[in-house]
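Trainee: First the structure, which I've put down as structure tokens, then a few questions once you've had a look.
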Amino acid sequence: MPKLSTRLQRFRKGSPLSFRLLAWIILFSSVFTLIASGIQIYSDYRKDLSQIDNRMKVVESGYASSLARSLWALDQKLLQTQMEGILSLPDIVHLRLKIEPDSELVMGDIDRGAQTRSHSFSLVHQGDEMFKLGELTVTADLGRVYEEMERKVGIILATQFLKTFFVSILIILIFQHFVTRHLSSMADYARDFSLTNLSRPLVLDRPDTPSNRNDELGRVTEAINQMRERLNDDLERQERDAAEIHKFSKAIEQSPSSVLICDRQWRIEFANQKFTQLTGYDAKSILGNHPGSLGEGNVENRESRHLWQSIRLQVQRVGVWQGEVNSVRKNGERFWEQLIVTPIKDASGQATGYLILGEDISIRKRYEQQLLRQANYDILTGLPNRMLALDRLKLALAQARRENTLVGVMFLDLDNFKHINDTLGHDAGDNLLVEAARRISSCLRGTSTVARLGGDEFLVILPGLNGADASYQVADRILKTFSPPYILNGQEVFVTTSIGIAIFPTDSDNSGTLLQHADAAMYQAKHKGKSSYAHFAPEMTEVSHERLQMESRMRRALELNEFELNFQPIVHTDSGNLCSVEALLRWNNPTMGTVMPDRFIPLAEETGLIIPIGEWVLEEACKTAVSWKEITGRDVGISVNVSPRQFRDPGFTDIVMRALSNSGLAANQLELEITERLILDNSIETAEILRQLDRAGIRLSVDDFGTGYSALSYLKSYPFDTLKIDKSFVQDVMKEPEDASLVRAIINMAHSLGLRVIAEGVEEEAQTHFLKQEGCDFSQGYFYSRPLPARDFESWLKTNQRVQI
Ligand SMILES: Nc1nc2c(ncn2[C@@H]2O[C@@H]3COP(=O)(O)O[C@H]4[C@@H](O)[C@H](n5cnc6c(=O)[nH]c(N)nc65)O[C@@H]4COP(=O)(O)O[C@H]3[C@H]2O)c(=O)[nH]1
């Protein structure tokens, strides 16, 4: 409780309401008191007057007969005594007795100016007859009554005023205690109220009881505190929003991607630092411009106009545009960027602007082009490789079908290449291949294709022929260009070639069969004597007899239990500790011996036998992996190769899930290795199967990366966990700087896509140092262990020092 002095001070200074209240209470109560007192005084006055009247009536009733008797008896003395008796009565000051007929007796005095009241009555003798003897007029002085009234007025006014004053003070003090001081606190609170002290609630100096909480002050306090809390919340939200906005704007400003924000009319409103870095345009200088108008002359550029038109349409229809764009920097230099364009929508879903995110992918593009070259061209000769040659062959066949022409397919093999390679060395062999490629190419027209299929095998495709003769002429020309000697290691060497020819559509209308026929014809040519050509004839298919035999053996191999799995460890590159194991298939045939997968898997694929074989591999691999837990005391993951044919089989996912449930292997311990070629078909089914497997928790890896069309951008679209760099790159990292830079780029890019990397074919320690330095996650190769049969691999697991158990 504040001290009395403080309360008084507050009362005087800070409580005008109390003062005004006091004044009004005094005024009203005074008026009221005055009216009440007036009524009271008036009624007392009336009472006094009626007392006097009564007294005079009492005189009449008490003295009239005795006075009449005294008059009748003419007893003057008695009359006087009686009149003196009347005069002694209070307030009676004057008596006038008129005696009949005409005498008068007066007693007492009346002060001049005095207020009086008189009462007259007749004095009558009551005998047989009634005689009026006289009349007495009694006069009373009202002076005492008036004095009394004045005194009363004084007393009443004084007491009423004091009473009113003190009651008012009391009321005020009570009011002040219960109301106004709290109002003052509220006023002080409201005066001090600011956004900086929102956490201090308003607390009134009174007990916190339910009744206090529910009265008006309690409710106002609660309302103020609720308002404070709301403000507090709003402020906090505002601060949070501001912090978020600040964070986002910083993130956008410092984003590693370039960011452009455009308004609804595609006018640039904002560009971040990265955009300036990437394009050379200062943000301020491009505000208001269309993003497609940047770059000299771009406004006029039809290509750019079309591009932005289709971007605009797709964003409107689909809600996003994504693609790779060849953009121009301010200095005119071109670069590749990956753009994502999305609308910025308001709460009602209306586009209020557009967000354009850009990422410089020039390096990736360069490597993709390099990889593309690598995948499609033979590095040594610069000629298309097998893959590109097959593509071209398919194109040529399609064109020939449309134009009704023939296509010549030639298979070439250098007759004594192996001997030259062995005797003169690999460099001489390489030089020979380069020169042979040049000579073959020199015999062909622009539309023809010459490709190196591998080793010393070349393929020539002659599209748009009118007859088979044209292909014989080309074959003759080629044989002739081979006549001059080759200079290898300073020596003249004579090299010949054998050519097999198959013609579309007479020999086959299918590219694969055409190649087989050309191959068969080439063997025929070789048998005929070298340096010749042969056109395919059906008898030559004998060659495929071997294939048929293999196929029928393979059909029985599963029943006869001829398949076996070998296991090769995959280790952590930095520690050499075991990470997981790859299962590799072997076929132990009594006649053919151990057949390696490269020999029989393509045939298994072609014949569809890969599906039951693949199922057996999955079952066996999962079961074996579970059995290792007893040896190592921990889960060991297993990688299983899946061929495209197997993958596209409708029952594939069921087969995988069954293998997991039969063996009890956890899904995340199984990794499926899928070749890069499979992703290239880019079909919806492929994507869906991959996603199904991913959802089931199975790990997915891209195998033989670098041998197909290594488009890293495709990898983004699929849920891969791991990328396996093909051994052909890894094996030469210490010899070929180009391979080293390619491996480095693949590792970096895979990491940037969130993929882990396995290097295959690690054979030397130096390679492990290189891979460690480049941050390659895992390694696999003969350096760690060759693929081993199950029992040998178990011993490896038990004895290998590097295994962390
Ligand atoms: N030069 C060299 N080679 C190394 C080294 N380390 C491992 N390798 C070999 O590299 C191949 C790695 O397997 P891949 O790339 O998946 O290539 C495999 C895979 O694509 C396929 N394959 C193997 N088993 C299966 C299977 O069960 N199903 C299917 N569909 N394909 C399989 O056959 C291919 C060849 O298998 P393998 O002959 O066992 O050959 C294996 C392995 O023995 C090394 O340091 N140097």
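Each Cβ is built from the backbone N, Cα and C atoms, and glycine gets one as well.
Note: TrEMBL annotation is automatic and uncurated.
The structure displayed is predicted, hence computed values, not measured ones.
Look at TrEMBL and you will find 21-42, 153-175 tagged as transmembrane segment. The domain 'HAMP' annotation in TrEMBL covers 177-236. Annotation source TrEMBL lists domain 'PAS' at 244-289. Here TrEMBL flags 321-373 as domain 'PAC'. Residues annotated as domain 'GGDEF' in TrEMBL: 405-538. The domain 'EAL' feature in TrEMBL is assigned to 547-801.
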Trainee: Taking the domain 'EAL' (547-801) as reference, which of 244-289, 321-373, 405-538 has the most Cβ pairs under 8 angstroms?
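Mentor: Looking only at 244-289, 321-373, 405-538, the most contacts with the domain 'EAL' (547-801) come from 321-373.
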Trainee: Using Cβ atoms and a strict cutoff of less than 8 Å, what residues sit near the transmembrane segment (153-175) while being 6 or more residues removed from its termini?
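Mentor: Distant contacts of the transmembrane segment (153-175): 11, 18, 21-22, 25-26, 29-30, 33-34, 36-37, 40-41.
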Trainee: Averaged over the domain 'HAMP' (177-236), what pLDDT does the predicted model reach?
Mentor: 87
Trainee: What is the number of residues in the domain 'GGDEF' (405-538) that are helix, strand and coil, as DSSP sees it?
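Mentor: Computed counts for the domain 'GGDEF' (405-538) are 58 helix, 41 strand, 35 coil.
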